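Notes follow the structure.
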Amino acid sequence: MARFPTSPAPNRLLRLFSSNKRSSSPTAALLTGDFQLIRHFSAGTAARVAKDEKEPWWKESMDKLRNIGISAHIDSGKTTLTERVLFYTGRIHEIHEVRGRDGVGAKMDSMDLEREKGITIQSAATYCTWKDYKVNIIDTPGHVDFTIEVERALRVLDGAILVLCSVGGVQSQSITVDRQMRRYEVPRVAFINKLDRMGADPWKVLNQARAKLRHHSAAVQVPIGLEENFQGLIDLIHVKAYFFHGSSGENVVAGDIPADMEGLVAEKRRELIETVSEVDDVLAEKFLNDEPVSASELEEAIRRATIAQTFVPVFMGSAFKNKGVQPLLDGVVSFLPSPNEVNNYALDQNNNEERVTLTGSPDGPLVALAFKLEEGRFGQLTYLRVYEGVIKKGDFIINVNTGKRIKVPRLVRMHSNDMEDIQEAHAGQIVAVFGIECASGDTFTDGSVKYTMTSMNVPEPVMSLAVQPVSKDSGGQFSKALNRFQKEDPTFRVGLDPESGQTIISGMGELHLDIYVERMRREYKVDATVGKPRVNFRETITQRAEFDYLHKKQSGGAGQYGRVTGYVEPLPPGSKEKFEFENMIVGQAIPSGFIPAIEKGFKEAANSGSLIGHPVENLRIVLTDGASHAVDSSELAFKMAAIYAFRLCYTAARPVILEPVMLVELKVPTEFQGTVAGDINKRKGIIVGNDQEGDDSVITANVPLNNMFGYSTSLRSMTQGKGEFTMEYKEHSAVSNEVQAQLVNAYSASKATE
């Protein structure tokens, strides 16, 4: 193995980097110090940490609290990184690997399925202490099928670590989770992982982050060696080299900067200062005046820019090889915000949903958001983020969404699937409550205010399966399992096919649904037969169409009479709502008491379009006139009038079928590029990108989901088992006339045989 010289840096290099004296700032103090052995955890240290964590957290300064998530593309090393974080902070005392080869598995992958498959399926919460800072951590899945876990984690977090693979670079799910971070305005640091891997190129990944993620970013470290020669890191802020010794990298030792790296270090530090100065006025003034920048000044500028989301500092390392994790932890507490540095808002339901800024003070009224539900051993486990006030065991709290008054029977802090009972939690905390019934997204207060938090983004399912229990005796457990899964996961839906009577489950992909079928078998002892996956098509209209329908039945006894007049039209592109109903009747042509029944009728009709029986979306219905009968009009009559009116005008609105289109990213050896690209074209895919990464080609394409079934097998065959791919939902778009005709004919044929 090649070794790098460690001769002392010459005086000219030190002068270039200005003063490196110990700073009085709290952030700078985290990384400076006149010591060689920076951190070594012993059993005594772990015991001290455990003792500290028993103290009520609300007494700690809010400045010393961090709520962070760890997100990335699948197999980038998120859970491995979290395992090291827990070890170095003394939260666990042994390191276990993700796939559980030792029979244990990573702490944060508590489900048997997670340990067997080597992937994270559910987000998991934990907490730890690092240099007097309390850190709540949520480890999230990387597979696109479990994207809701990322959504609800980021909804309640104040900061995040975006993990990037030094070989794979910025991949499709990297782009997705970064977009989610932007949606919830979450400041982040990046961690380029796996520097020990063959083909590691952190500078290429940094440039990809700038181009693909539009990050204004720069490295805060330089690696000493790469691949099998990766030995340590050079901190560009404090101009120090760090090496990671010990069987698990627990001893971080400061050393001299290798002489042959001095030029690169000077160049990269200047690049860091210049990049940050572009978004920070204080640093810009010093940079433009060519004044020396001290470590504390640079660190404070990075913190300001990171919290303002105008800069993303980039850390490096190898979690698996136990290198670079402790400096990353320093970066988390130095650069990511505390809860009181983040602007959180609620909607005042007593004041027309006016936005109210939450102070984040423990002394304010309680405001907490339920963001995740689980079925625990002792009943429903509800994860809460406390935004303001204090919640205590035994308190009575109000569910603002339902109006119910609930007692808090048990309050816990989670450590993956383990829990620690606590008496209270204050603003900024992430905790869990047992024994309260609620839905994901509900807001709780102490009753003194009527605030609700804005909801999280929940994507629509794109795939469905017909399922039924093998044994009729399992019907009760079958229903119980499906009800629980729906409560836990907003993207998992259960319905009944009105024609076949089959139970239909819908979700974000094949893996998503397979996991729930397997969980049903393991957790509820229900074996189920599963039909072929089917795509969740949609229908929509393309032009305005009028309707004028009279529903009349008067053949003795109570009659039915209701007339509705108006039009249907497509909603503008990009509308958030999928269905709109507007009553524009002037006067009392239809009594106002019947209007809700009319809206209900149109909604019911739109649940099943006449082309292929799938839901109709992007639809606006306007009611302009109508007529009623003093005796025979009823809610049922007007509901039926709306249903028939919709069916009659639907064809005139020129309906089309929409299909889910997936963003597919393939990585294949270049020798197979032509074959794979040709196959994508056969599947009616559109190639939108083609990059070269060493000996591999990375192809990006938009492909109809209906043409992607069985693709894993086909790709293995085409590439001799060397190709890999990921895909995520992009949009629903109109099918071609040819495909629409085929789908309509197939639907008509199936109806004819019933």
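For all residues, glycine too, the Cβ spot is worked out from N, Cα and C.
Feature annotations, reproduced from Swiss-Prot:
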- 1-17: transit peptide (TRANSIT)
- 63-340: domain 'tr-type G' (DOMAIN)
- 72-79, 139-143, 193-196: GTP binding site (BINDING)
All-chain count of other Cβ atoms within 10 Å of Lys78 (GTP binding site): 29
Thr140 (GTP binding site), number of other Cβ atoms within 10 Å: 28
Binding-site residues listed as Ala72, Leu195, least Cβ neighbours within 10 Å: Leu195
For the domain 'tr-type G' (63-340), mean pLDDT (0 to 100): 86
Protein Cβ atoms within 10 Å of Asp75 (GTP binding site), excluding its own: 20
